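Enquirer: The structure that follows is given in the form of structure tokens.
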Amino acid sequence: MAYFLDFDERALKEWRKLGSTVREQLKKKLVEVLESPRIEANKLRGMPDCYKIKLRSSGYRLVYQVIDEKVVVFVISVGKRERSEVYSEAVKRIL
């Protein structure tokens, strides 16, 4: 079952600021995630139903939450991994 994609409005602003190559790389991974969103290796501890997509070469991370009741993959935060900012922003946004 394919999931739908939705963005937190702050995450959408972050998405729009990304360079085109980074955005294209994340798009490819998001297409895979929409088919099978619960990837255990990418599960985030301490954040219920949250997972990450990581681009190792550029250091970018995308944090998303799977909402089964609505069949939605909800993007919470997008950004560089530096000082774990992308993760701390995600925690603030889901609480």
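Glycine is treated like the rest: Cβ placed from N, Cα and C.
The feature active site, proton acceptor is assigned by Swiss-Prot to Lys52, with a curator's inference given as support. Annotation source Swiss-Prot lists active site, proton donor at Arg81, citing a curator's inference. Residues or ranges marked as site 'Transition state stabilizer' in Swiss-Prot: Lys54, Arg61.
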Enquirer: Have a look around Arg81 (active site, proton donor) and count the other CB atoms within 10 A of its CB, chains all included.
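Expert: A 10 Å sphere around the Cβ of Arg81 (active site, proton donor) contains 16 other Cβ atoms.
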Enquirer: Restricting to the same chain and to sequence separations of six or more, state which residues have a Cβ under 8 Å from that of Arg61 (site 'Transition state stabilizer').
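Expert: Expected: Lys52, Ile53, Lys54, Leu55, Ser77, Val78, Gly79, Lys80, Arg81, Val86, Tyr87.
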Enquirer: Would you pick out, from the recorded positions Lys52, Lys54, the residue whose Cβ has the largest number of other Cβ atoms within 10 Å?
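Expert: That would be Lys52, with the highest Cβ count within 10 Å.
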